[in-house]
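Checked TrEMBL, it gives:
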- C:Cys149, C:His151, C:Glu185, C:His209, C:His405: Mn(2+) binding site (BINDING)
- C:234-309: domain 'Peptidase M20 dimerisation' (DOMAIN)
Number of protein chains: 4
Amino acid sequence: MADAIERFMEEIEPLLIEQRRKRHQYPEIGFAEYVTTYELSEQLAGKGFEIFYGTDLLTSDERMGVPDAQFLEQQEQRALDYGVPPDFLEQMKGGHTGFAAVLDTGKKGPNFAYRFDIDALPIEEEDTPGHVPAKQAFRSRVPGMMHACGHDGHAAIGVGLAQYLAKEKGHLRGKYTILFQPAEEGGRGAKAVVDKGWLDDADYFLSGHVGIHDLPSGTVAASTSKFLASSKINAKFNGKSAHSGLEPNTGRNALLAAASATLHLHGISRHKDGATRVNVGTLHAGSGRNIIADQALMEIETRGETNKLDEYMQENALRILQASAAMFDVELEIEHMGKAISADADPRFAEIVERACEASTDLAIVPYLPIGASEDVTYMMERVRERGGKATFMIFASPLPAGHHHPRFDYEEQALSAGLETLIRTTDYLLKEDGGREELAG
Amino acid sequence: MADAIERFMEEIEPLLIEQRRKRHQYPEIGFAEYVTTYELSEQLAGKGFEIFYGTDLLTSDERMGVPDAQFLEQQEQRALDYGVPPDFLEQMKGGHTGFAAVLDTGKKGPNFAYRFDIDALPIEEEDTPGHVPAKQAFRSRVPGMMHACGHDGHAAIGVGLAQYLAKEKGHLRGKYTILFQPAEEGGRGAKAVVDKGWLDDADYFLSGHVGIHDLPSGTVAASTSKFLASSKINAKFNGKSAHSGLEPNTGRNALLAAASATLHLHGISRHKDGATRVNVGTLHAGSGRNIIADQALMEIETRGETNKLDEYMQENALRILQASAAMFDVELEIEHMGKAISADADPRFAEIVERACEASTDLAIVPYLPIGASEDVTYMMERVRERGGKATFMIFASPLPAGHHHPRFDYEEQALSAGLETLIRTTDYLLKEDGGREELAG
Amino acid sequence: MADAIERFMEEIEPLLIEQRRKRHQYPEIGFAEYVTTYELSEQLAGKGFEIFYGTDLLTSDERMGVPDAQFLEQQEQRALDYGVPPDFLEQMKGGHTGFAAVLDTGKKGPNFAYRFDIDALPIEEEDTPGHVPAKQAFRSRVPGMMHACGHDGHAAIGVGLAQYLAKEKGHLRGKYTILFQPAEEGGRGAKAVVDKGWLDDADYFLSGHVGIHDLPSGTVAASTSKFLASSKINAKFNGKSAHSGLEPNTGRNALLAAASATLHLHGISRHKDGATRVNVGTLHAGSGRNIIADQALMEIETRGETNKLDEYMQENALRILQASAAMFDVELEIEHMGKAISADADPRFAEIVERACEASTDLAIVPYLPIGASEDVTYMMERVRERGGKATFMIFASPLPAGHHHPRFDYEEQALSAGLETLIRTTDYLLKEDGGREELAG
Amino acid sequence: MADAIERFMEEIEPLLIEQRRKRHQYPEIGFAEYVTTYELSEQLAGKGFEIFYGTDLLTSDERMGVPDAQFLEQQEQRALDYGVPPDFLEQMKGGHTGFAAVLDTGKKGPNFAYRFDIDALPIEEEDTPGHVPAKQAFRSRVPGMMHACGHDGHAAIGVGLAQYLAKEKGHLRGKYTILFQPAEEGGRGAKAVVDKGWLDDADYFLSGHVGIHDLPSGTVAASTSKFLASSKINAKFNGKSAHSGLEPNTGRNALLAAASATLHLHGISRHKDGATRVNVGTLHAGSGRNIIADQALMEIETRGETNKLDEYMQENALRILQASAAMFDVELEIEHMGKAISADADPRFAEIVERACEASTDLAIVPYLPIGASEDVTYMMERVRERGGKATFMIFASPLPAGHHHPRFDYEEQALSAGLETLIRTTDYLLKEDGGREELAG
């Protein structure tokens, strides 16, 4: 059957590339992936999958950092203008994007779950000849938006996996659930999907990320850990405006409070127990040059190598924000916008994936590479492992001209093939080995 | 003739109020006063004034802080949508707003110049019952824009003055130039008007500001001084974005540079020689929560009681901006956006205005009130006085529910009548006294 | 008698210079002027003055910013080593320095009070050939201490005045009180003297300061105002030490709290109503390079053109200190160390001094020069004026090679003669004019 | 022979405790260990060791952070007053403390080197009943100084080891060098000892630290790693003083520059490659409350898990210091005060020490514990390993009532016995196993 997989990979490669580039040109940010959801689900139509949208996919209240209503309405209008059918849009309205595709073979066998995240970032993509998407004419067509983290490729792998499952349906046992998750950036979507129960009965959970390590494409890490736990908060300072020339002392300066908070947040002490992070990613304050600023809005995140370390960071961050408000006699509002936890892949996947891919000529499996970033996939992994299932998160490495979230971010598309092939071979291996479950449990 | 003026004031008052409220509802910011320019010039049509628009009013290159092309195009479209005729708009395109209205009697006599500024501010007007414009239904109809400094009233006084001059044309000698100046906020428009030569041959320059001092309306200060010199600069920090979790050390953080600059700018040492000011009015930085911010834009102003003090502030500000860039290893771009100088009113106006208004029953003339703010009218006053003319800037006081540039700013409309009456009576007095010039020179 | 004064001035000049230079060589800081007090009082011995020391001069509890007991004991030992008799020292122990010298003529007449401050500063005096005290060998002999504000000269004028009064005793009427006040720097001594009642029955209060304005020596301002009100506070942050490599997160960093407080204090907003000042003069924190600092001590002062403005500054300063403690989770202790209030000289002194000095060939009297600094003499002036007396504070100008409190501060000794002559002539004038009191009241 | 070691340990324990407590009572800081050096070398007298002092021990110019001459002279006087013979002191003058003790058996065999650091810290020791040294009357007798890192115990182990070697001299082969190193705190002494060649021919280098991990005493780690590389720098800002009330703008504020540098140093971005540290341990600035501070001195250290990471920190620190100077227009002087590098223990010691100590009933050997701090012993380890020798650094764990460098730091004295026993048994094992070298090389 190894030959069969190789042949499938050859056939599927053009689709993978086409799908990746299509997604790359229409980047949409979290909870606004209206066109993305529509076009991806169109790819799966008629292939035997049952599709679940909207509040069937995720619990509305468990989403975090949902954009405001006005923005979503604009985006929904954009989707209609683009050609998404009104009745299709209806079920996604108000930021209920993404979908689950379920293939139930009806035969006894293990439950597999796969997750692909599909959102983009508010970054203006570089437009220079050295940037491959620009040179090869699939650069982002949406000003200020970019697939700068590789989720375009994740979506493409998801489509490729669906093609494989549909094609091999007759040979398969068990149930296969592909989750196209919205709003991974900022850790905003996964928890709402988990809350809906999609991971409750998964025996095997397979997922992964393209890039991360600048290694030859074809290199795949069977597992990772060192997921940073992360908290996302918005801080809003409310002061009082005044004419900055006539009576500066009567104002209460929200911009200064935010500036002070920023410096102090970045100065939170390192922790003896491991890696931590903090970032004030955006700061918007003030209404005019000669007006004491009465408002300032900051988007902040903290991270920690463990959940405890992230709590340490968050506790310090909140104290600093309150003290900054007190420093300038302004009011503070805090809003919690997203969260990712720390989690571990099942360590035995190292051996499983290695054996599963022995037959491949294109893959170089390494047992483990650290991730060192946050991913809300950890909510899914945790749920699977709590329920007795096995979960891993792979890394599909690629040479990287620039880091993730950089305007020049890109990767080699062979990494997508490598990722898809690894997922397929691992599925195939687990299935053959009498469900593989016993082996893992051993 | 005093009786005639009183009668005129009674007739004109409804127009003053109507014009003020009309302007209040359509606030437009500096160099985008397209509707304002059109509607004000319509008021003067057919009254014997020659009107000068666009580059006849101001030197294009001497304008400071002109909004970017995209914004101006949007505003021009808005003006067309509102009903400004396309050919009228044509001559203002690209931010050439405002106009000069000239009444030449053809009879030998002094040259009078008057200046009224017409721009609004990017402030969201309060919408509570206690706020008179809200209660009386003339609150701003443009979201986020507001006449929060009283220029709506200045425009109305200008219309009233034009009515008076048109009506009395037969009795007048000399030449009368009314300047409706754009973009006073930020000190961006006056220099470009001065450069065009409009003040070069003025014998008398009369101008003024509503509000400033919270005194009973009807109180008018014949002159002021303590104009703060002011410099307006934009600072842009350019760094390098990076994923804030994966590799925070590879970014160069523009947001932090701006935050540090902000704190240090507000800490510039007081100066022994007198009052100074500094304000970072706006700060916008970063593109996403989990991205090291690669850009930050700050709108800054400095002020000083004298030109030297403002230079001291600006010199320190520039050093701090450069050091902040060095602190975070980012690049700095500086743009000079506006400037106002310090100036003095001719002190003898105190006596002139007092005598001129002796007959009035409504006016309480005080010789002098300090202004303590910046005003680019100083460029005009300086030019007039350099050329041997006499210049004053009056204050039309009013009880103020909130300070200038505050969302609840408002004033009593009697202050507008008081202002107009004072301008008319002073003109009348100077004209009668054989040009008055000799007297002043004495 | 004018001739008599001129003759006296010629005789006294060598003593003035000798006394000034003697004091300059033995600078002592506030409440530690043990040698200074002893040597000055020795100069007045046997001249008919009654001398009041220790708690007869000042109320112990009303002193502010008294150095700690250990330091005072060291200083007392130093004084003993220097040669101050033990029984003389006894009455000054614990920082009760300075003295009052009273000459009561027994004849009916006005009560005059004079004040001379005698303390130095913790500044290392410059030792370069261009610095006159270094070149002429009267540079400070106490390392790290310096008469950098001119109080050495004030003490000398006080001795000169005592000589004059002693010599002319037979011709005088009324009572003459010379106050040699300790601890003017930091506004720490005057209030304790006032509290003792020394100013309660003064008809005329005359005082002054050498330097301030860089004008030819001989120029004397009859009065001043613009005394800045001032508050002196010490802030101590108490945190928790920890090894900075092993467990930085367990410390609570007092040094960082102080650094943050410093930046924010210097950023307190300017006030529309007039001049303000703030200074963190000293900061001492931490015990070792690799230890998280658990203590930080700051010496802070605020000033304002009016008492209200100083209150504004102090209120902001206290809020900032508290917020800085909260920012770094450390404790804050505040100690109030000194205070000066704003006050005005009686404006009619301008005329009095001018007339009094008409006969002088050496003096150039100007009615008024601003001081722009703080002086706790204001407590005395206020008390005198409350009780119906007349008070002034003169300025004895001199060319200044460097500003007050600078290591190269110096002045021309002719300024001391000018000061003494002005005080004598004004006293003489007031006395002759039948007490002068009536005239002032006119 | 195991029995022999156990018997020796029983005999030596009282001496270990006595020596530790003696040292604890006379803490001396780095390069001022005059009494410590004298008293320790007295303990070794007449036991067959050749002793090397002063510049025979270390290269004068390679010492870092040597205290200034005045301080050293005071300390030398203190040592004389204490009873150190003048001729003994002579060879240590100017901060040349510590000594090497060499026992050459004259028989062919391996070269062993041992290192014990002997300096204390400028910390005031706690004086509460709960603190064992206070309760048992061996608290520090030097105000402000304390053995708060356990070097008192290291010195005691060194004396115990010398006793053992002297006693067993007849049975030993090879050469034994015991280094009593000054100034470990701040990483100031080791490089100067290494430079003198003491480690060039060592076959085995054994060293260790008491405490670090809060584990039962008796627990000994055979090796460690995760030494943080570290750089120690002093920064001095030189500005210009001015009267803070009269002319604040003419000063150039060194205190503000230091405060700003402090905040920004603590905000250096985390690094993706591992742990980093930064600390501003002390800050001293300013000369008086009402004087703009013209000087500020900071003691700073950076650390990194690797030499590269410490370089990253230092590079950023230097840029920040320069920018802070530019921010306030003051001058900056940098002095490099100490350095420690990262190093690894030879991993095979884990097995060697375990086997060596098998016979012990008191020791619980663990192969490895991380240290997570900086130690200039790394210079010695690196030199040994470069030359082909084997080096380890052990951890003699103990329950810790408070962390290292804390005023309440203490440890159980059994940890000293455990440390000494481990060093003896490991030496014994290596010697027996035919020099052991072959085994390690295998």
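Quick reminder: no glycine exception, Cβ is built from N, Cα and C everywhere.
Note that TrEMBL annotation is computational and uncurated.
The shown structure was predicted, so the numbers you read here are calculated from the model rather than taken from an experiment.
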Taking the Cβ of C:His151 (Mn(2+) binding site) as the centre, count every other Cβ atom within 10 Å, in any protein chain shown.
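Within a 10 Å radius of the Cβ of C:His151 (Mn(2+) binding site) lie 26 other Cβ atoms.
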Can you give me the same-chain residues 6 or more apart in sequence from C:His405 (Mn(2+) binding site) with a CB-CB distance under 8 Å?
C:Leu121, C:Ile123, C:Ala148, C:Cys149
Kindly state the mean pLDDT of the domain 'Peptidase M20 dimerisation' (C:234-309) in the predicted structure.
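It averages 94.
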Around the Mn(2+) site (C:Cys149, C:His151, C:Glu185, C:His209, C:His405), what further same-chain residues have their C-beta within 8 angstroms of the site's C-beta centre?
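Residues close to the Mn(2+) site, other than C:Cys149, C:His151, C:Glu185, C:His209, C:His405: C:Asp117, C:Asp119, C:Leu121, C:His147, C:Ala148, C:Gly150, C:Glu184, C:His404.
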Count the residues of the domain 'Peptidase M20 dimerisation' (C:234-309) that DSSP assigns to helix (H, G, I), to strand (E, B) and to coil, and report the three numbers in that order.
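Taking the domain 'Peptidase M20 dimerisation' (C:234-309) as a whole: 18 helix, 31 strand, 27 coil.
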Sequence order please: the binding-site residues C:His151, C:Glu185, C:His209 that have their Cβ under 8 Å from a chain D Cβ, otherwise just none.
C:Glu185
Which residues in the same chain, at least 6 apart in sequence, have a Cβ under 8 Å from the Cβ of C:His209 (Mn(2+) binding site)?
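The answer is C:Gly150, C:His154, C:Ile371, C:Glu375, C:Phe393, C:Met394, C:Ile395, C:Phe396.
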Only counting partners 6 or more residues apart, tell me which same-chain residues put their Cβ under 8 Å from the Cβ of C:Glu185 (Mn(2+) binding site).
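Correct list: C:Ile29, C:Gly30, C:Asp119, C:Ala120, C:Leu121, C:Cys149.
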By a simple count, how many Cβ atoms lie within 10 Å of the Cβ of C:Cys149 (Mn(2+) binding site), its own Cβ left out?
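27, counting other Cβ atoms within 10 Å of C:Cys149 (Mn(2+) binding site).
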